[in-house]
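J.: Below you will find the structure I want to go over with you.
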Amino acid sequence: MRTATVRRPLAAIAALTTALLTLTACSPEEDKDNVLTVFAAASLTKAFNLIADQFEEEHPDSGIVFNFAGSSALAAQIAEGAPGDVFAAADETTMAAAVDAGTVADPEVFARNQLVIAVPEGNPDGVTGLQDLADLSVAVCAEEVPCGAAAQTVIAASGASITPSTYEPDVKATLAKLAMGEADAALVYRTDVKAAWGGVDGVEFPESDSAVNNYPIAVLDEAENPNLAAEFIAYVQSDAGQTVLETAGFQHP
């Protein structure tokens, strides 16, 4: 079992979810010569903001603006012409679709992640694995986003009779359902439990090995700052960037 080390009330997760999804790691655009727009999976929120802080220290004339959301929603925005420079997805399937659409090229995997069962601190229902979720209300991501596809894979692999009570647009919204008491458990990434400021525990389960997600990153074909975008990607892949990701609970690719 993975248990968060910082303890705060579970309700705090819900209160902070909206702020996290819109949080940016940049100074005001008017104070920067170069502003990089990064479309990134919601599960990367905390880690990428920390990486951006470090990157900006080395590039004081540059700023980073993030758009955090579900990977499929981000891919759709990019396909519709939303301006940006970098796309970091939570699975290779979504990135492959972006490659096929001609919006990105040459993606590289920079991290891996897998699911855990998020439960309220102290695990009041005594959840030890997927089989214990049959009689509980369970929040999962919508199947069209990577965390939802992974959830369906692990549920099928377990053979457990689980009927999710809600399908959310991304992993942050899924965890928020648990935080607000609208679900007894949630299938989310291990990194989201670790970033949850306490009030939530993570129960690991063997079936999660069947749905480990690789996280690819690429420069957008229509990037306004392709050189700076390439530098940011290189920083994410550097020892400094990988240290931040591993501290956040991501696995090395």
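Glycine is no exception: its Cβ is also placed from the backbone N, Cα and C atoms.
Since we're looking at a predicted model, the values are computed, not measured.
The feature molybdate binding site is assigned by TrEMBL to Ser43, Ser71, Val171, Tyr189. What TrEMBL records for 1-27 is signal peptide.
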J.: Near Ser43 (molybdate binding site), which residues of its own chain have a C-beta under 8 A away, given they sit six or more steps off in sequence?
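T.: Counting only residues 6 or more apart in sequence, the Cβ neighbours of Ser43 (molybdate binding site) under 8 Å are Ala90, Asn113, Cys147, Asp170, Val171, Lys172, Tyr189, Thr191, Asp192.
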J.: Inside 10 Å of the Cβ of Ser71 (molybdate binding site), count up the other Cβ atoms and send me the figure.
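T.: I get 32 for this one.
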J.: Given the recorded molybdate site (Ser43, Ser71, Val171, Tyr189), which additional residues of the same chain have their Cβ within 8 Å of the Cβ centre, ordered by sequence?
T.: Ala41, Ala42, Leu44, Gly70, Ala90, Asn113, Cys141, Val145, Pro146, Cys147, Asp170, Lys172, Val188, Thr191, Asp192, Asn213
J.: Check the DSSP secondary structure of Val171 (molybdate binding site), expressed as helix, strand or coil.
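T.: Note: Val171 (molybdate binding site) is helical by DSSP.
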J.: Could you tally the C-beta atoms, other than its own, that fall within 10 angstroms of the C-beta of Tyr189 (molybdate binding site)?
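T.: Its Cβ has 31 other Cβ atoms within 10 Å.
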J.: If you measure every Cα to Cα distance among Ser43, Ser71, Val171, Tyr189, the residues said to bind molybdate, what is the biggest one in Å?
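T.: Between the outermost Cα atoms of Ser43, Ser71, Val171, Tyr189, the distance is 14 Å.
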